[in-house]
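Quick notes on the structure that follows.
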Amino acid sequence: MRRRPGLAIFPQGSAPGTVARTPRPASSFPWTTTTRPSSWWTTARTAAKAEPPRARLESYISQQKTGVGGTGIDIPVLLLLIDGDEKMLTQIENATQAQLPCLLVAGSGGAADCLAETLEDTLAPGSGGARQGEARDRIRRFFPKGDPEVLQAQVERIMTRKELLTVYSSEDGSEEFETIVLKALVKACGSSEASAYLDELRLAVAWNRVDIAQSELFRGDIQWRSFHLEASLMDALLNDRPEFVRLLISHGLSLGRFLTPMRLAQLYGAAPPHSLIRNLLDQASHSAGTKALAQKGGAAEPRPPDVGHVLRMLLGKMCAPRYPSGGAWDPHPGQGFGESMCLLSDKATSLLSLDADLGQAPWSDLLIWALLLNRAQMAMYFWEMGSNAVSSALGACLLLRVMARLEPDAEEAARRKDLAIKFEGMGVDLFGECYHSSEVRAARLLLRRCPLWGDATCLQLAMQADARAFFAQDGVQSLLTQKWWGDMASTTPIWALVLAFFCPPLIYTRLITFRKSEEEHTREELEFDMDSAVNGEGPVGTADRAEKTPLGVPRQPGRRDCCGGYCGGHWCLRRWFHFWGAPVTVFMGNVVSYLLFLLLFARVLLVDFQPAPPGALELLLYFWAFTLLCEELRQGLSGGGGSLASGGPGPGHASLSQRLRLYLADSWNQCDLVALTCFLLGVGCRLTPGLYHLGRTILCIDFMVFTVRLLHIFTVNKQLGPKIVIVNKMMKDVFFFLFFLGVWLVAYGVATEGLLRPRNSDLPSILRRVFYRPYLQIFGQIPQEDMDGRWG
């Protein structure tokens, strides 16, 4: 049996000298087959010697409270009567006079059976005279040596408090012992006021018996109010009881009134001592200087500012929810969340729109708390009840993956990763439903900033969380394709873009098609730069801009262009900007530019690279390479690509070393650095007298490195990209096989060279034959001097 806190049970038994009866076997009672819990208060004193001290002890214990400093519930006292002689009636009478509940085990014999039968008779219909006779016979049957009149009077006095008596029989079923005890305690209350059942509810929470609470405490006969349930909800949150949280909130508890800053601090204070979140909170409190506010003799509870600092440290300023600064924190526990509004800044609160309102803000704070403490079921429930479901799912996925990367405990990290996958899946499913319902609104949902996650968009959260399953959806791909092509139609062929790149007048022909006027309204709904959406600068809410055409108002007539779209007087200029401003045009320009750079590089190496001073084309090549070097420096200082989930620092919250480390984590960036370094080295040797040929050799090798860089550009192609990724992974696996091959080649080469040329001392030729000869023999190329015929 599990340990049950906060309950004192006084077993009552037979005293010496009582008449022995044949009780039921001990194995017929549910608690006798398990170990007695250590929280029971037991005694073996006899009734005659222990009665006054026992009564005082029971009264004293019933007045105590659990918890540190008596902050918990009153300790309920329950008398358990098994068998017992007539002296036990005196103790039961004293207990009922003291309003202590008693549990009678029917079938155990003695006083227990006597009181159980008497209680059953009082509930059954019948004449008073017949009952008096049955009662006297019962007293004589159970207590033959006692005074029937005195004992019957005691029994009658006990029956005046029969609401305190509960009978248990093995015929009632195999209920667990805590179920029996809790039912007895609830029955002893005997009131319709909720305040009389608070301790029993908290005891049910401590025992995690939501079924008992539903069947005994929430049947509809008790008038529960929100403030009655707050203490029990706090216990449920601290002890990780998600089912109780659901039960209490479903019965009218106001979460906005419940979640005060002080309670939120207590929730974070429940983090395990050596856990990751505890270490992060300690670091935040030390850096913010909040340890000075610690209680006497105890550790300081983490405050909302400390939590905000941790979130900014984990997610960066752009993705982290907004918690107050140290001066804005009001620790007054009497104000509700909706009154103090300290967990969201005024700016973030004013930006809430659509389905996000002030009353739902506590769900977000409890979601973050559950995620940081890695309480999966709690987090799932708070996500279901909160607002901004898609962005919250992606934000939860991001936070869990960042925490999993920092988690030193392997099992805890695995649980966080599994929960992150669940949240990503829920975000995918929910957005899929939104996309099937309305494609336009789903696109606006992707670009809408969420104030509960630092004004980040869903696209930004998904990118930082490395949520590839989310990006693989049709709705997300449709929006990305639309933004990739800008105002041009996605059916425009690539060769047409290349021709227009070299011949700009082709922009004004039918060769380059733009989206039709029927799509103009949708385009205006979604029209802003993709980089702004990724960086959290998208629109907030759904308020239309002033320059949009109201619904139902016809557009002003204008001249149609060659694509059928309406154009004003400056349609040529608009077409020009729409073409050159499209991301696909910028990308194709970069590709064409890089190909021209390689052509120029090859022309210089093959034709113009002479010992004479550099010519015009060679100087142009040097300047072009300098621009590439500047671009790589910009990427390195900005941190390059990557995501928080993959180890990157938070945006705007990374030191120079972190940004450089993230930049170098990309193998293609390393390739760029090698290519540019070799280019600088080759140019330096080329301009140094006497090192011309060395510089030419280095630049020729460097041209190969620059050419390999084309593979990264072609990965965006839907046909070539997957194949390049597969080849890249295969090459990594091949290196292991080449390692094993090299081991055998060296072993065979050294042995062969030692046997064939034992007196050779030319080290260069030895090394060449040790490595080169076995390599040639793999392909069957055996030198003639090694043939047996020559030595024969």
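Residue positions begin at 1 at the first shown residue.
Just so it is clear, glycine is given a Cβ too, placed from its N, Cα and C backbone atoms.
Of the listed segments 1-37, 112-148, TrEMBL assigns region 'Disordered' to 1-37. Sequence-distant contacts of the transmembrane segment (494-513) (same chain, six or more residues past either end, CB-CB distance under 8 Å): 488, 562-563, 572, 575-576, 579, 584-585, 588-589, 592. For the domain 'Ion transport' (595-751), the predicted model reports an average pLDDT of 85. Long-range contacts of the transmembrane segment (734-751) within the same chain, counting only residues at least 6 positions beyond its ends with a Cβ under 8 Å from a Cβ of the stretch, are 769-771, 773-775, 778.
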